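According to TrEMBL, the domain 'Aspartate/ornithine carbamoyltransferase carbamoyl-P binding' annotation covers 4-160. Look at TrEMBL and you will find SER47, LEU48, ARG49, THR50, TRP75, ARG110, HIS147, PRO148, LEU149, GLN150, CYS272, LEU273, ARG300 tagged as carbamoyl phosphate binding site. Annotation comment: TrEMBL describes GLU142, HIS176, LYS236, ARG276 as N(2)-succinyl-L-ornithine binding site. Annotation source TrEMBL lists domain 'Aspartate/ornithine carbamoyltransferase Asp/Orn-binding' at 184-309.
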Amino acid sequence: MKEYLDISDINNLHEIIDEAISLKKAPYSFEELGKHKTIGLLFFNSSLRTRLSTQKAAQQLGMHCIVINFGADAWGLEFEDGTVMNGSTTEHIKEAAAVISQYCDIIAIRAFPTLTDKEKDLSEHVLNNFKKYGSVPIVNMESATAHPLQALADAITITELKKTAKPKVVLSWAPHPKALPHAVANSFTKMMQRMDVDFVITHPEGYELNPEVTKDTPIVYDQEEAFKDADFIYVKNWSNYKEYGKVVNNDPSWTISNKQMAVTNNAKFMHCLPVRRNVIVADEVIDSDASVVIEQANNRTYSAQVVLKRILEHLK
Ligand code: CP
């Protein structure tokens, strides 16, 4: 694997999931692979799971980690060409990416969308500028439009917990007071399209994701109808895609409670976390045996580890 920007960088999905599950059983079995190698974790936004699980994954492969928080303890970066830099930005991406590439063998980046400038967000300008001006592999730790490490962890979790060969998986929108990105929903959708599952998306009318992502995945506007006989309920809020970045509906009847879960096939409840309790999901669901959010978060380590392992193997 040369880089991990999107799940399209995975060639053989079954193979990588199996390898991640093997790493989970023996996490230190490739401790020599990353010896004398350094990963730089670059955060333009907050994180708990991605930060810690990627660091842990790298350490289990014997790598050194450098973490930098842009906006807190790094110079403000300029991404535009030809700018007269007499404003708030101090360092240009051209120098920053080249310099960081000298210190690190792999650069992992978290950079959320603006949710105001659709064109800029779709261009993945932060990730792609690091790719353009840096000289080492890039790993996406959640970008403007994708969260492929999360999607791989989700695929591992479903593979481990499924009870039938082809489970029914539902991605449901749920309300949230703030405008949230589409990245998790996009990557989860792309991942489910590649897995052997019966996949359905449900959300209020008008909350359609990017049609280039959803393609021919069935969209059911009646949440109860969508949930019938489901084996996995994956819940996530996203802001409006058409009226880009707007919160146009906050209908509390879409919050996941026992009422919704009752029509499922004893479905497992999944969410990438962090989650707003009693807004996205009722306590009665997330505190129940149906919830697998903690197992899901644990798999973030092994999704990161298998990706880093494959990039290290490519670097050799
Ligand atoms: N799921 C996820 O990416 O969590 P963090 O935002 O805490 O990293």
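Note: Cβ is positioned from N, Cα and C throughout, glycine not excepted.
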In sequence order, those binding-site residues of SER47, HIS176, CYS272, ARG276, ARG300 whose CB lies under 6 Å from ligand 1: SER47, CYS272
Spatially closest candidate among SER47, HIS147, LEU149, ARG300, the listed binding-site residues, to LYS236 (N(2)-succinyl-L-ornithine binding site) (Cα to Cα): HIS147
Among GLU142, HIS176, ARG276, which are recorded as binding-site residues, the nearest neighbour of ARG300 (carbamoyl phosphate binding site) by Cα: GLU142
Overall pLDDT for the domain 'Aspartate/ornithine carbamoyltransferase Asp/Orn-binding' (184-309), taken as the rounded mean: 98
Collapsed DSSP category at ARG300 (carbamoyl phosphate binding site): helix
Candidate nearest ARG276 (N(2)-succinyl-L-ornithine binding site) in space, where candidates are the binding-site residues ARG49, HIS147, LEU149 and distance is Cα-Cα: ARG49
Cβ neighbour count within 10 Å of TRP75 (carbamoyl phosphate binding site): 12
Distance check against GLU142 (N(2)-succinyl-L-ornithine binding site) for the binding-site residues ARG49, TRP75, LEU149, CYS272, keeping those with Cα within 10 Å: LEU149
Euclidean distance between Cα atoms of HIS176 (N(2)-succinyl-L-ornithine binding site) and LEU149 (carbamoyl phosphate binding site), Å: 23
Residue, out of the binding-site residues HIS147, HIS176, LYS236, ARG276, whose Cβ gathers the largest set of other Cβ atoms within 10 Å: HIS147
Integer Cα-Cα distance in angstrom, HIS147 (carbamoyl phosphate binding site) to HIS176 (N(2)-succinyl-L-ornithine binding site): 19
